[in-house]
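Chemist: Below are the features I grabbed from TrEMBL:
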type	residues	note
ACT_SITE	B:T225	active site, nucleophile
BINDING	B:T185, B:K214, B:T225, B:E315, B:N455, B:T460	substrate binding site
Number of protein chains: 2
Amino acid sequence: MATSLARMLKGQVRCYSAPLDMAIPASKQRYIPTTGTYPQGFRVSGTHVGVKASNTRFPDLALIASDTPCSAAAVFTTNKFQAAPVQVSKKTLQSRKGNGIRAVVINSGCANAVTGKGGLEDAVQMGRKVDECSGVENDSSLVMSTGVIGQRLPISKILDRIPTAHSTLASTHEAWLTTARAICTTDTFPKLISRTFTLPSSPDRTYSLAGMTKGAGMIHPNMATLLGVLCTDAAVEPAALQSILKHAVSRSFNSISIDGDTSTNDTVAVLANGAAGGETVRAPAASASADYTALQDIVTDFAQELSQLVVRDGEGATKFVTVRVRNSPDYESGRQIASTIARSPLVKTALYGKDANWGRILCAVGYTQGVAEGTIVPERTSVSFRPVDGSEVLKLLVNGEPEAVDEKRASAILQNEDLEIEVDLGGGEQGAAGCGGEDAVYWFCDFSHEYVTINGDYRT
Amino acid sequence: MATSLARMLKGQVRCYSAPLDMAIPASKQRYIPTTGTYPQGFRVSGTHVGVKASNTRFPDLALIASDTPCSAAAVFTTNKFQAAPVQVSKKTLQSRKGNGIRAVVINSGCANAVTGKGGLEDAVQMGRKVDECSGVENDSSLVMSTGVIGQRLPISKILDRIPTAHSTLASTHEAWLTTARAICTTDTFPKLISRTFTLPSSPDRTYSLAGMTKGAGMIHPNMATLLGVLCTDAAVEPAALQSILKHAVSRSFNSISIDGDTSTNDTVAVLANGAAGGETVRAPAASASADYTALQDIVTDFAQELSQLVVRDGEGATKFVTVRVRNSPDYESGRQIASTIARSPLVKTALYGKDANWGRILCAVGYTQGVAEGTIVPERTSVSFRPVDGSEVLKLLVNGEPEAVDEKRASAILQNEDLEIEVDLGGGEQGAAGCGGEDAVYWFCDFSHEYVTINGDYRT
């Protein structure tokens, strides 16, 4: 009895004040790449600063630098309280019109948020120190921070270590992995992916795309910040890069949910240095651009894969759930419905409990705010579970009528870590006229006891 | 060791498949009234039906009846998937224009939601059976249901017991308490309050107002439904009653949050039979009506007290939190911000963990959607904890600048069950011009391990 109780309790408690030995859980090892294909002309490093005094040896300063000037674009948090690095990077991108960016410098351990004018100066100084080391003009670097809110950065320590960060820049797989680690807070594993691609205008030329992200881990008194950096050696003009990133982020980083909270620091940036040569990708003016469309699809797909790693590492997550809303009259309404399901505590706890509770899913569909009239018509709505093993779909609700559910099969499907929920809106009013409709996808995780433990800063 | 582990686990596990012996936890006893002042001309009963087969003895059918026709008004769920009783009651009120309502009949144990045409017929039959027993014309009764979704009502059993429900109608305190119990699902205590009041037009006349509600408890595979019924012996014309109820519910039942999910069955109704005599309260046309304004304030205050009992009984709740947003340019923006704080899983888990995490509160303010430009200005925003013991306010953030927080005092304040969070928006842009602003209040509870246990249907 005592042993089983102890085991149960142990299963619920995660070492959440950062994995001190940086050991990666066995179940997450499969997400760590052992090699990669990195874009030409980029070098990176992860350096120990000790932003948090308790961190005496792990890298917490990431530097991502290009040998040549880059086009750059970024998507920032919509939170009204924007951290200093967000304000500073935004201004840098605007004043440079997305041209001539050379580096991104990121610290973990302190968010530099709600830190007033002093915090703004700190963020500016971080960037300028990098510019100085690179021997380039001021305001060539973007700055990001993640960690504790309401505390000033230990700025001298950071400035002191930036020359080291610069002098250790390298292009090896190990360097990329160390850099991806340096931006983590309580993430249980570094999140790094890379791939090669071609563009229609020069099918024989190989381009590379690499990206890192960090997500949903937090240390008292902090909040989850999502940061992401993508680098490519394709040549892309800034306006095209910005619109491609916006499209991709909407369908990836902004289509995932751990707990629905949006932090003060969230930033996803992309740098394109053109080191692989070829034509410059431009935004389509009058005529469509094949390269633009191709690159948009590639970046979107890449960003989805990268952002899904954040969900895989959601705090306390035991499930990875895809919700696909089909046949919505418009994409935004579909996304809004998917987002509402992904944020519902009742849906999330039912999934944790492996409970095929379609009533809660339906309920969340029904209370979605801000969708056009006629989008949700009960008599046209269907809900199914799509098993990840490719076996037959389990229908729960068909055109508003509940199915007789095989509870055993439902339970078996819910034993898996992965699950896909499909909500078919039947096309809304347009669909009835045979117009088909848009699909929207969201990825989310469940709410577990561990989530509460981690975020309640539960002191045992 | 084993004992303390067992104790810890026990503390986390609640008997959530309904308290079988209906025993009320000691900590909730203080919310049960031992007497009451009930409105004249109303009689009520709570009867055992056994809607859920497992319920072999507890009342699950509530009947609230007036000896004379009432004005009636109701506020229904905005969920697109409206349960059959919601659709039927809405239609009844519309066709009768809020006049001539004689009763409300409510069953617990089955929500009669997503049950198609058959479910609609069941809801109509429930009401008609009550009309028949009362010897009044058809469609004089409102119908409500709460419980399992997607299952048909055991309608014959219910119809068979309605005559008993009618024949046992009584006006005693015990009858009111039994009726309040009959509408509960997994609520840990019945929620009933009553009071007397006067109106400006006849200051010597005593009116009574009584109300019951049920809330945030759920049984697999169900969702929390909020039901409420208010009865008064004042005379109020239907249009006035509807607008008073709408105002009151916006500031009470629609300003509370357990988990932010809105069910398919939520309904709050009010009946006014005029049995206490006096002038009829009418909606103000050209000139203001003193009685209308007075009654609106009385009903709003009453509805707030009643709805707060739902928060006190929130699933797994260990905290009762009031969030007051001050100096908003408009009421709706303030309410939206309060609602966002009340729904933030990060805020709710921090409160459970007794963690004075103002960063998360600020973060929720910052990502509030749908507020007018200029409502949230970081440099004007202040956040404080207001202790319930009346001791000095603990300032956390003043005009966007973090305070040096006395962590010991913060921790002491958070030991209490009750807490008030104050967010001062500094009046938005208008406030800067000295316009003051609106205040909005929300009541909510924390997210605990027990919430996850209850809603995960955690099978140990």
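Cβ atoms are placed via backbone N, Cα and C, with glycine included.
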Chemist: Which of B:T185, B:K214, B:T225, B:E315, B:N455 (recorded positions) reach within a Cβ distance of under 8 Å of chain A?
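Modeler: Among the recorded positions B:T185, B:K214, B:T225, B:E315, B:N455, the ones whose Cβ sits under 8 Å from a Cβ of chain A are B:N455.
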Chemist: Within 10 Å of the residue listed as 'active site, nucleophile', Cα to Cα, which of the binding-site residues B:T185, B:K214, B:E315, B:N455 are there?
Modeler: B:T185, B:K214
Chemist: Taking DSSP three-state, what's B:N455 (substrate binding site) in: helix, strand or coil?
Modeler: helix
Chemist: Hey, which of the recorded positions B:T185, B:K214, B:T225, B:E315, B:N455 is the loneliest by Cβ count within 10 Å?
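Modeler: Counting other Cβ atoms within 10 Å of each of the recorded positions B:T185, B:K214, B:T225, B:E315, B:N455 gives the minimum at B:T185.
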Chemist: State the three-class DSSP label for B:T225 (active site, nucleophile), counting H, G and I as helix, E and B as strand, and everything else as coil.
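Modeler: For B:T225 (active site, nucleophile) - judged by DSSP and reduced to three states - the answer is coil.
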